[in-house]
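Trainee: Got a structure for you, questions after.
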Amino acid sequence: MWSGEADLMHFLNLAQEEGLMVLLRPGPYICAERDLGGLPYWLLNRVPDIRFRTNDQRYMGYVTVYLNEVLKKIKPLLRGQGGPIIMVQVENEYGSYSACDIQYMVSLQQLFSHHVGTDALLYTTDGALVKMLQCGVVTGAYATVDFGVYSNVTKAFEIMRIFQPRGPLVNSEFYPGWLTHWGEPFQTVGKRAVKTKLYEMLSVGASVNIYMFYGGTNFGFTSGANGGETFSPQLTSYDYDAPLTEAGDPTPKYFAIRDVIAKYLPMPNLTIPTISPKGDYGPILMESIINLFDPLARTLFGTNQITTTTLPTFESLDLPYGLVLYEAYLPQGGPDSSILHAIATDRALVYVDSHLVSTLSRTQKTSTIPLEQPYGSRIQLLLENQGHLNYGSGMEDFKGLWNVTVNGSPIPQWNVTGFRLNTVKPLRNLESTRSNHGTLNNGPVFLKGEFTIEGKPLDTFLDTTGWGKGVAYINGHNLGRYWPLAGPQMTLYVPAPYLRRGQNELILLELEFVPRTKKMTFVTVPKLGNNTET
């Protein structure tokens, strides 16, 4: 729990060693474009009618256990104990959530205060609108606002002053970039706009925390999604068009921010960062290992294989992410063509007699498709969880298939197989075979390729251009989802610690399309979409 990538204490100690002060956001909800806003998926399994982010005592029971553990752990690193943590955030932008449960915020504040005391400042952050702060502030926590380059600084801080009459003006999340969803242009914010707005805030004596200053990556299946009118899953990359990129490299925006800060504070005598060297490890030939629908693959990767008359959700199968295969035989004696209706959360590939015929999509609002096959055929729906909602209302976001009918009639029996896909170790002893290219009409395939690194491994980027949609693993590490058919992200960031001197292994689970070359390649520059500085 407190080791590896989850070693929070080591991270906080590193911050202190570098002379950084920490604004800690332990949640329980953090947003951050993470799956379910950082809440664990299994809450939807254990308490199916749970009401997130409210004083629902079933929810608060889990919250209390979690916060007691975290806040006890970090207490020695609070400012009053000699540590780097100067502020601790209570919840996150609660004023943007429809519940507006004031007692929930009071309960959280009391829990935080019990552990933090006077060793650090408790605070809240909300969008700079009166209606947001009305629900987001709580007595005993300093009220701050967050906004980006398109907001009016004077008006934003005037609204903050309504709820926080005394103390410093604080923008606790100043956005120098923005998040991006699959299928839309890469979101950018120009350096001039960032520079101008930062200058405006500092000129009135405001304190500013930049979010994100350093881009990141939601490795594996940890990226979330936004809801509302359209379901919009987020990229694997959390580069965010930040001043420091996903790989930690400085951008012109970084130097623009540095120039503004230098007008108000002395610059420390530190080495100015430069772009780090990247590894060019060339193309890799990918060969097929096994089809996901193969009986052996089901044995190796399948979990919770059941026969049922009702359609289970990911959560009821205890699957946090991955895929679920729903299979059934259609009744005999029907017409030669029929209409399938199903609501998919989130995206399903539809096969008839093991042949790909169409796609159901929550994003595209596709729920009805023709089946030009006679009754008696086997239907397979391979459902992908593209990330639980991380922002806004409706966060009780169950993944599954709903209202499934053929010509208006329900299907009486289903065989269901879940694929967690958190590891590819079962493939180690399987030999690669010759594979076809083009559209994968008969189901997803695992592919494997090997490459050699001479010398010390360097950061690099895996270029997925020309492929379809899938998941990539380097030496067992899940790099995350790729989807060049949708874009704009074409490369996956590969940190040097995931690589090793000598032989390395790349494994793909490709869902839809294999290019003729059957090659992936490493590049030294990321391809995330147009990123023009203005």
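Cβ atoms here come from the backbone N, Cα and C positions, even for glycine.
Pulled these features from TrEMBL for this protein:
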ACT_SITE  Glu93  active site, proton donor
ACT_SITE  Glu173  active site, nucleophile
DOMAIN    2-263  domain 'Glycoside hydrolase 35 catalytic'
DOMAIN    313-417  domain 'Beta-galactosidase 1-like first all-beta'
DOMAIN    444-504  domain 'Beta-galactosidase galactose-binding'
Trainee: Restricting to the domain 'Beta-galactosidase 1-like first all-beta' (313-417), what is the model's mean pLDDT?
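Mentor: That stretch averages a pLDDT of 92.
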Trainee: If you draw a 10 Å sphere around the Cβ of the residue listed as 'active site, proton donor', how many other Cβ atoms fall inside it, taking every protein chain shown into account?
Mentor: 22
Trainee: When the domain 'Beta-galactosidase 1-like first all-beta' (313-417) is classified with DSSP, how many of its residues are helical, how many are strand and how many are coil?
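Mentor: Taking the domain 'Beta-galactosidase 1-like first all-beta' (313-417) as a whole: 0 helix, 56 strand, 49 coil.
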Trainee: Looking only at C-alpha atoms, tell me how far Glu93 (active site, proton donor) is from the residue listed as 'active site, nucleophile', rounded to the nearest Å.
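Mentor: For Glu93 (active site, proton donor) versus the residue listed as 'active site, nucleophile', the Cα atoms are 10 Å apart.
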Trainee: Using DSSP, would you call Glu93 (active site, proton donor) helix, strand or coil?
Mentor: coil
Trainee: Could you give the number of helix, strand and coil residues in the domain 'Beta-galactosidase galactose-binding' (444-504) as assigned by DSSP?
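Mentor: Secondary-structure breakdown of the domain 'Beta-galactosidase galactose-binding' (444-504): 3 helix, 31 strand, 27 coil.
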Trainee: At a 10 Å cut-off from the C-beta of Glu173 (active site, nucleophile), count the other C-beta atoms across all protein chains.
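Mentor: Result for Glu173 (active site, nucleophile): 24 other Cβ atoms within 10 Å.
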